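Taken from Swiss-Prot as is:
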BINDING   31-38, 57-61, 84-87, 154-157, 182-184  GTP binding site
BINDING   S38, T59  Mg(2+) binding site
DOMAIN    23-205  domain 'EngB-type G'
Amino acid sequence: MIIIKDAHFITSSSQLSQCPASLTSEMVVLGRSNVGKSSFINTLLGKNLAKSSSTPGKTRLANFFSTTWEDKKNALTTTFSVIDLPGFGYAKVSKSLKKEWEGFLWELLSVRTSIKLFIHLIDARHLNLEIDKNAKENIQTLLRSDQAYLSLFTKFDKLNKNEQHRLFLNAPKPFLINTTHFNALSSKYPTLEIVRQTLLKYLLTNPL
């Protein structure tokens, strides 16, 4: 069982020079605006640290969090960071600001060697959107041998049972499923504990 020993906010940044030092392995959370990134991070860390905006795409900062997890089963304690990226597909942003914003994010993902895992949140109700395909392709062009990419489907509990089963069978692997409270809808769907164990495994495979 994984116990969350600590989780806290570090800082927000809109420029590479403002980002905190890379002292631990890092996990990046990315996805379209309004896909549920804040809810996912807060549930994952067991604290309401990530703030969501009522206006999709309003948040223009990369937010950094630190957390310490204790894996009781393996007698292992690990500290790592979570980077919450601004949602993409945003609206009402000037072209110059959009270009500057995208440049910062691309530079951040390209040069920050402490990033070990990319978590791409995808709305289970809207699969195969071009914007998600492009995001996946862009991230995969950046991947080094010590990094991993993982899809995680949000709003899974809003699908009917047939849609859930179809997604579970046909979605590209590897992937995880995030329900509203991470309660398993049946024994074959991952619980919060399984999600945490899976993410920790990826982070520990290529430690900083």
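Just so you know, glycine gets a Cβ as well, placed from its N, Cα and C.
These numbers come from a predicted model, not from an experiment.
In the three-state DSSP scheme, P86 (GTP binding site) falls into the coil class. Here the domain 'EngB-type G' (23-205) returns a mean pLDDT of 82 for the predicted model. Put simply, S38 (Mg(2+) binding site) is 13 Å from K155 (GTP binding site) when counted between their Cα atoms. Here the binding-site residues are K37, K155; the one with the fewest Cβ atoms within 10 Å of its Cβ is K155.
Sequence-distant contacts of G31 (GTP binding site), defined as residues of its own chain at least six apart whose C-beta falls under 8 angstroms from its C-beta, comprise K37, G87, F88, H120, L121, I122, A135, T154. Between the alpha carbons (Cα) of L61 (GTP binding site) and S38 (Mg(2+) binding site) lies a span of roughly 13 Å. Counting every protein chain shown, 16 other Cβ atoms lie within 10 Å of the Cβ of L61 (GTP binding site).
Remark: S38 (Mg(2+) binding site) has A50, K51, S52, D84 as non-local neighbours, by Cβ distance under 8 Å and separation of at least 6 in sequence. In the three-state DSSP scheme, S38 (Mg(2+) binding site) falls into the helix class.
Counting every protein chain shown, 18 other Cβ atoms lie within 10 Å of the Cβ of N34 (GTP binding site).
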